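So that you can see what the record holds, here are the features copied from Swiss-Prot:
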| type | residues | note |
| --- | --- | --- |
| DOMAIN | 40-219 | domain 'Helicase ATP-binding' |
| BINDING | A53, Q54, T55, G56, T57, G58, K59, T60 | ATP binding site |
| MOTIF | 165-168 | motif 'DEAD box' |
| DOMAIN | 245-390 | domain 'Helicase C-terminal' |
| REGION | 394-438 | region 'Disordered' |
| COMPBIAS | 406-423 | compositional bias 'Low complexity' |
Amino acid sequence: MKKTHITEHKFADFGLQPQVIDGLEKKGFVYCTPIQALALPVLLSGQDIAGQAQTGTGKTLAFLTATFNHLLTTPAAEGRAETQPRAIIMAPTRELAIQIFNDAEPLLASTGLKAALAYGGESYDKQLAKLQSGVDILIGTTGRIIDFYKQRVFNLNHIQAVVLDEADRMFDLGFIKDIRFLFRRMPEPKDRLNMLFSATLSYRVQELAFEHMNNPEHVVVEPEQKTGHRIQEELFYPSNEHKMALLQTLIEEEWPDRAIIFANTKHRCEQIWAHLAADNHRVGLLTGDVPQKKRERILEQFTQGDVDILVATDVAARGLHIPQVTHVFNYDLPDDCEDYVHRIGRTGRAGASGHSISFACEEYAINLPAIESYIEHAIPTSDYDPSALLTDLPAPLSLRSSPQQRRTNTAGSRNSNNGGNRKPQQRRPRAPRPKKEA
């Protein structure tokens, strides 16, 4: 959770329980973001909500605050065992579930409520032991939650609050049957507080809300533009021959504090990682086949600043809350227009500014018209000077040549490239575009 001061509304203005206010204020959260200011009065009145807001706007804190407050003000059902959750928060990815749990920790400490995680790719027995020690709030992905349910580790008879986060992403990943399976085993919608949040309130998302919620109020925070007004967008048209050199030259010119590079395939991501690691950049690789423990370690290194650049497929485009990402590079333009918005939305979050640089190369330039139509504006274009591109670049590393360097390279330097063997880049690759004649 990131401290923001975007509205004049304070959390203390809403009549929250003192323990909730205490947890928020100890982490420095005093003022609300727009989605928090709109959602909390609705939720605190007991009304269900279907909220639409871009990632990075503070919706996680909105539903966590409402969930904790609801559990504190609503008596637990009579006969409920400590192993039976009172609230359930469903997320589309393991990373998002973990991030929600981490964001909940200040409120767990101040309220005394217990939370547990349930997601695949992690030890079943370890999660089972945590659940058996008592749980008020269950946070996780639908598949593992259903596994525990079918093993009768818990039931859902005493659920008093439900959160469905990134609902549109749930549809994209094919989890809708799992969601309906879980909803049908909970108390009636009128007997629980229901919260749905989504980047888009599409027809299918609204249909889900109508089916499993109690007349939810729609709360929408529309951005001025789909891509966020704090994000500086830039587009290059590199040849396939120049593409990698342009990326490395721009990285050396921009020298980003924290950057994510997106490519469309696992193989392309591995190629980018190999070139940047060879050039002594502190770079991590995040693709779909990375084991969960390694994913968590890579993300922690990136968040802590031990890794400066993360190369990723769209597995990281949504559901990850990584603060202070300064640059996003679209090495490949995505095939899905919405993925462009979600990718560059990793930067320019919570009031910060960001820079997005995209390559319309020979292979993926065909995707550009649809993307620009979707975001309703043309992406500003820059030319580059081929003679200004770096040429003395080392050969790429072999991804599997060294177990120690697989997936992450934290041995690079922020102050020099290639161990100081190459002079710092002096020539700017950008070339001014000629002005159009009237």
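Counting starts with 1 at the first residue shown.
Glycine is treated like the rest: Cβ placed from N, Cα and C.
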Study note, to complete from the structure: Over the motif 'DEAD box' (165-168) the mean pLDDT stands at 87
Check your understanding: Three states by DSSP: which one describes A53 (ATP binding site)?
Key -> coil
Review point. Which number gives the other C-beta atoms within 10 angstroms of the C-beta of T60 (ATP binding site), all protein chains shown included?
Key: 25
Practice item. Mind giving me a neighbour count for T57 (ATP binding site)? Other Cβ atoms within 10 Å of its Cβ, every protein chain shown. Key: 26
Review point. Including all protein chains shown, what's the count of other C-beta atoms within 10 A of the C-beta of A53 (ATP binding site)?
Key: 23
